[in-house]
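> Just lifted these from Swiss-Prot, have a look:
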{"type": "BINDING", "residues": "Asp91, Ser92, Gly93, Gly94, Phe95, Asp177, Gln218, Gly245", "note": "substrate binding site"}
{"type": "ACT_SITE", "residues": "Asp91", "note": "active site, proton acceptor"}
{"type": "REGION", "residues": "275-281", "note": "region 'RNA binding'"}
{"type": "ACT_SITE", "residues": "Asp294", "note": "active site, nucleophile"}
{"type": "REGION", "residues": "299-303", "note": "region 'RNA binding'"}
{"type": "BINDING", "residues": "Cys341, Cys343, Cys346, His372", "note": "Zn(2+) binding site"}
Amino acid sequence: MPLKFRIKHTLDRMRVGKVKTRHGSFETPVFIPVATLAAIRGLDNRDLKDMGVEVILANTYHLHLRPGDELIKELGGLHKFMNFDGVIVTDSGGFQAFSLGFGMEHGVGKIANNIFLEELREERLREAENERKKLAVVTDRGVRFKDPKSGRIVELTPKKSMEIQSNLGSDIIFAFDECTSPLSDRDYTEKALERTHRWAEECLQHYDRRQALFGVVQGGEYRDLREKSARFMAERDFAGYGIGGSLGKSKQDMLNILDWVIPLLPEEKPRHLLGIGAIEDLFNCTEKGVDMYDCVAPARWARRGHLYVSPAEGGNVRNKFRIHIKNAAFRIDNRPVDRTCDCLVCQNYSRAYLRHLYKANELLYFRLATYHNIYFVVKLMERIRESIADGSFYELKREWLGF
């Protein structure tokens with residue numbers, strides 16, 4: 001078996017587990033940093049090891065374009081290529097169909113939030129006229145991408161996705177799926193779900209048996225479609241299950257989707273909530289039974305000047321547990337970013353110094369900020385695991401979220 005999952009502790013719907021693969025193991029629930037192009041900007045593998053990062057996620061679509069999955073295979077696979085001795089997860093490339101297509105056109109993500117939904121839904125009817133402008137177009141066969149750098153057309157199909165992920169040599173791979181928009185109506189979501197299910201069957205036929213294949217539950221905000229998809233995936237021999245977007249119009253919609261889906265998935269297999277990683281979500285979704293998360297947010301927010309802080313430093317749901325280091329208040333602030341954090345940044349540098357680096361656009365800022373944010377989330381997940389094991393999760397959640 002390319003993957004073994006052992007549940008060590010449970011608390012209500014939560015579990016602490018251990019995933020074992022051919023390139024090592026990791027504890028769950030886990031936050032997985034995203035190394036899109038086989039790298040996390042500003043960090044090297046020694047940094048990841050120092051943080052305790054045991055698993056990363058790389059992007060199939062982007063690595064296929066550059067440097068090319070066949071080249072990576074020639075060089076011994078991703079582990080050797082990037083000299084990483086931990087577990088590597090690759091996505092299927094399906095999310096790019098959304099982010100480079102409808103998502104790019106309308107500027108929305110997996111959760112719609114405060115946008116003019118009905119007005120934008122009407123635009124779906126005019127999509128055919130605008131397809132030439134998009135970088136990605138979905139068909140029943142797969143997805144056609146326009147490489148934004150070279151302009152060449154690339155077609156990604158379920159079989160091709162499995163081939164690329166095999167060449168990359170990752171440990172955990174995902175079935176090719178269509179991630180619909182929060183703006184998609186029921187008719188489109190249902191058709192997309194039928195495609196996702198057909199593509200999942202194709203992936204089961206063509207994937208590399210040395211890898212652990214996860215199926216992806218889709219269905220948008222519609223309960224019956226989500227439940228249909230969860231049952232479909234649960235009946236197939238996947239090593240684990242991803243829960244994909246769209247995740248509705250609000251955080252509550254996302255939690256409702258987890259309530260519908262998770263009870264229908266096999267208890268003995270891991271569940272991965274794709275593309276989610278906000279501090280609030282790590283608590284609330286773990287409470288629903290999620291085991292794995294991946295998200296670019298910690299690194300992306302770091303580059304934009306937002307650094308994570310704990311409740312002891314004023315972090316809360318309203319400020320999303322972040323301070324913006326460019327604020328003038330930090331100009332003469334000799335405190336570390338977070339006095340409760342023992343990362344190398346908080347042990348050695350002040351807020352004033354980090355603000356100076358950020359304002360001066362110094363490269364060192366990006367390394368230090370990214371290090372702090374990823375370390376912060378990785379260590380928070382350690383605390384969450386410990387709290388599930390010793391029964392103190394709800395106290396920890398109350399300390400952080402206030403409820």
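Cβ coordinates are placed from backbone N, Cα and C, and glycine is handled just like the others.
Remember, predicted model here, so these are calculated numbers, not experimental data.
Buried or exposed, and what's around them? Tell me for each listed feature.
The Cβ of Gly94 (substrate binding site) lies under 8 Å from the Cβ of Val143, Leu156, Ser161, Phe174, Phe176, Asp177, Glu178, Cys179, Val216, Gly244, each on the same chain and at least six residues away in sequence.
DSSP assigns Asp91 (substrate binding site) to coil, not to a helix or a strand. Cβ neighbour count for Asp91 (substrate binding site): 31 (other Cβ atoms within 10 Å of its Cβ, all protein chains included).
For the region 'RNA binding' (275-281), the model gives a mean pLDDT of 97.
The DSSP secondary structure for Asp294 (active site, nucleophile) is strand. In sequence order, Phe31, Ile32, Pro33, Val34, Leu57, Val89, His272, Leu274, Gly275, Gly277 are the residues of the chain that are 6 or more apart from Asp294 (active site, nucleophile) and have a CB within less than 8 Å of its CB.
Residues 33-34, 40-42, 322, 366, 369-370, 372-374 of the same chain sit 6 or more residues outside the region 'RNA binding' (299-303) yet have a Cβ under 8 Å from a Cβ within it.
In the three-state DSSP assignment, the secondary structure recorded for Cys343 (Zn(2+) binding site) is coil. Packing around Cys343 (Zn(2+) binding site) is summarised by its Cβ count: 21 other Cβ atoms lie within 10 angstroms of its Cβ, all protein chains included.
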> C-alpha of Ser92 (substrate binding site) to C-alpha of Cys346 (Zn(2+) binding site): distance in Å?
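Ser92 (substrate binding site) to Cys346 (Zn(2+) binding site), Cα-Cα distance: 36 Å.
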> Below 8 Å Cβ to Cβ and six or more residues apart, same chain only. Which residues does that give for Phe95 (substrate binding site)?
Cys179, Gly244, Gly245, Leu274, Gly275
> Taking the Cβ of Gln218 (substrate binding site) as the centre, how many other Cβ atoms fall within a 10 Å radius?
29
> Using the centroid of the Cβ atoms of Cys341, Cys343, Cys346, His372 as reference, list every other same-chain residue with Cβ within 8 Å of it (recorded Zn(2+) site), in sequence order.
Pro336, Val337, Asp338, Asp342, Leu344, Val345, Gln347, Tyr371, Tyr375, Phe376
